[in-house]
Amino acid sequence: MAINYIVPEYEVLRDPQRCIACRVCERQCANEVHTYDPELGLMRSDESKCVNCHRCVSLCPTHALKIVKNEDTFKLNKNWSMQAITEIYRQAESGGMLLSSMGNPNDFPVYWDKMLINASQVTNPSIDPLREPMETRVYLGKKPEHVERNADGTLKINTPPQLKLNVPIMFSAMSYGSISYNAHASLARAATELGTYYNTGEGGLHKDFYQYGPHTIVQVASGRFGVHKGYLDTGAAIEIKMGQGAKPGIGGHLPGTKSVGDVARTRMIPEGSDAISPAPHHDIYSIEDLRQLVYSLKEATAYQKPVIVKIAAVHNVAAIASGIARSGADIIAIDGFRGGTGAAPTRIRDNVGIPIELALASVDRRLREEGIRNNVSIVVGGSIRNAADVVKAIALGADAVYIASAALMALGCHLCRSCQTGKCNWGIATQRPDLVKRLNPNIGYQRLVNLVSAWQHEIMEMMGGMGINSIEALKGNRLMLRGIGLTEKELEILGIKHAGE
Ligand code: SF4
Ligand code: SF4
């Protein structure tokens with residue numbers, strides 16, 4: 001019926017001079033875009049199914065394929081874009097919410113790109129990280145108020161449990177179920193080799209990954225999937241997930257079709273049942289309630305593990321963080337509105353929350369003003385794209401960052417934003433065995449190690465250029481940043497001067 005027709009978002013351009021009809025693209029595309037016409041001996045394309053994941057483009061042996069944005073569009077209208085119109089058609093047809101994945105792709109300011117980093121010249125010498133020591137190790141957790149000494153003058157070691165990171169970068173929460181076994185295996189092995197941490201997300205911990213416990217953050221979300229004493233004891237830290245940047249204020253949903261086999265067993269739910277995590281924790285309606293859960297988890301693990309509370313960056317984030325810092329939590333993780341997800345309602349992903357840069361600066365300032373900054377460490381995520389973003393985040397007050405989308409890209413993700421379909425052609429956001437095996441964890445883990453090692457080198461170079469030799473000295477050092485093209489209000493919130501000042 002014509003009224004159903006949705007103009008395809010992409011065009012598949014196949015160069016007939018190059019195509020040898022090898023059918024690689026047909027075999028590689030889980031969306032069934034490519035088919036072979038045996039009568040004509042030709043390949044055909046169903047562009048309506050293309051999500052632009054670039055799997056076929058990458059593997060075509062003769063480079064015959066190109067995917068381009070479909071320009072055959074509606075009459076130009078600055079208000080009613082092609083996307084806005086096709087979304088209306090989709091909802092008029094289905095009567096349902098639109099779903100998307102990964103982070104907010106819209107044209108909001110990226111404040112990382114509006115900040116520039118300082119460098120030493122003449123009067124304060126820079127440091128050459130190849131020749132001089134450079135400390136990228138950080139410890140996350142509550143720090144003691146005072147240095148205390150024993151009667152014999154030696155230091156009293158009374159630090160609460162800490163997470164030790166060789167580099168201030170961790171892999172953010174991604175559940176087994178939303179990503180594949182091989183993706184999890186890659187993250188777990190890479191975190192172990194790098195001396196950092198990966199995070200189970202809300203899917204529980206697969207039995208094969210208990211061996212990586214010392215480098216695992218185990219998450220406790222509102223659905224409590226896969227949470228039991230052994231799980232809590234195995235992790236190096238416990239993260240209470242209150243919110244997520246891609247979908248603040250709402251819960252999660254793994255459809256029954258994905259809750260199969262080990263995914264269901266790991267979550268401790270019946271196979272084929274929907275895994276729905278409620279929007280709130282049903283036992284948390286105040287900071288006092290949160291405090292109860294923080295201390296329940298500490299009690300359950302003999303006060304040996306730091307507890308992280310993860311929230312989405314929202315309008316009142318500084319006041320919320322102040323409450324969390326007083327709840328007994330050791331670390332606050334804040335996820336900005338560009339943070340990724342395996343599935344979120346499009347309208348929420350694209351319109352709810354605030355940029356992590358502004359949230360971080362206001363939280364750090366508030367905790368300092370209240371004299372409780374040392375009660376907690378701050379970890380931020382939700383759009384960290386490179387080493388410069390890490391340096392800027394730390395200079396704005398973060399102790400460390402979480403990365404997820406960047407880590408998935410290291411594993412092959414081409415950001416097609418179709419994770420919710422479960423047909424990830426790169427073997428990442430899928431549970432289909434034929435697709436999962438496309439991601440080789442031996443290669444995946446090495447690529448993650450390469451990525452973070454490369455960023456570590458770049459961080460050291462940038463710190464050396466500033467004449468700074470440790471992450472600790474960079475933390476909250478806003479003098480190392482200048483804004484470019486920002487309003488007075490934005491500069492005030494970020495707590496930085498404009499370039500030229
Ligand atoms: S992979 Fe390339 S050469 Fe092979 S059938 Fe597809 S377009 Fe043709
Ligand atoms: S993980 Fe896979 S499905 Fe999700 S955006 Fe990346 S390539 Fe696409």
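Heads up, the Cβ atoms here are built off N, Cα and C, so glycines get one too.
Automatic prediction, not curation, is the source of TrEMBL annotations.
Annotated domain '4Fe-4S ferredoxin-type' per TrEMBL: 10-39 (among others), in sequence order. For the domain '4Fe-4S ferredoxin-type' (10-39), the model's average pLDDT works out to 97.
Counting only same-chain residues at least 6 apart in sequence, those with a Cβ under 8 Å from the Cβ of Cys19 ([4Fe-4S] cluster 1 binding site) are Met43, Thr62, Ala64. The DSSP secondary structure for Cys19 ([4Fe-4S] cluster 1 binding site) is coil. What TrEMBL records for Cys19, Cys22, Cys25, Cys60 is [4Fe-4S] cluster 1 binding site.
Take the CB of Cys53 ([4Fe-4S] cluster 2 binding site) and look out to 10 A: across all protein chains shown you find 25 other CB atoms. What TrEMBL lists as [4Fe-4S] cluster 2 binding site is Cys29, Cys50, Cys53, Cys56.
The domain '4Fe-4S ferredoxin-type' annotation in TrEMBL covers 41-70 (among others). Residues 6-15, 18-26, 28-29, 31-35, 414, 416-418, 421, 424-426 of the same chain lie 6+ residues outside the domain '4Fe-4S ferredoxin-type' (41-70) yet bring a C-beta within less than 8 angstroms of a C-beta in it.
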Binding-site residues close to ligand 1 - of Cys22, Cys25, Cys29, Cys50, Cys53, Cys60, only those whose C-beta is under 6 Å away: Cys22, Cys25, Cys60
Cβ neighbour count within 10 Å of Cys25 ([4Fe-4S] cluster 1 binding site): 25
Neighbourhood of ligand 2 - binding-site residues from Cys19, Cys25, Cys29, Cys50, Cys53 with Cβ under 6 Å: Cys53
Residue among binding-site residues Cys22, Cys25, Cys60 with Cα closest to the Cα of Cys50 ([4Fe-4S] cluster 2 binding site): Cys25
Nearest-integer angstrom distance between the alpha carbons (Cα) of Cys29 ([4Fe-4S] cluster 2 binding site) and Cys60 ([4Fe-4S] cluster 1 binding site): 11
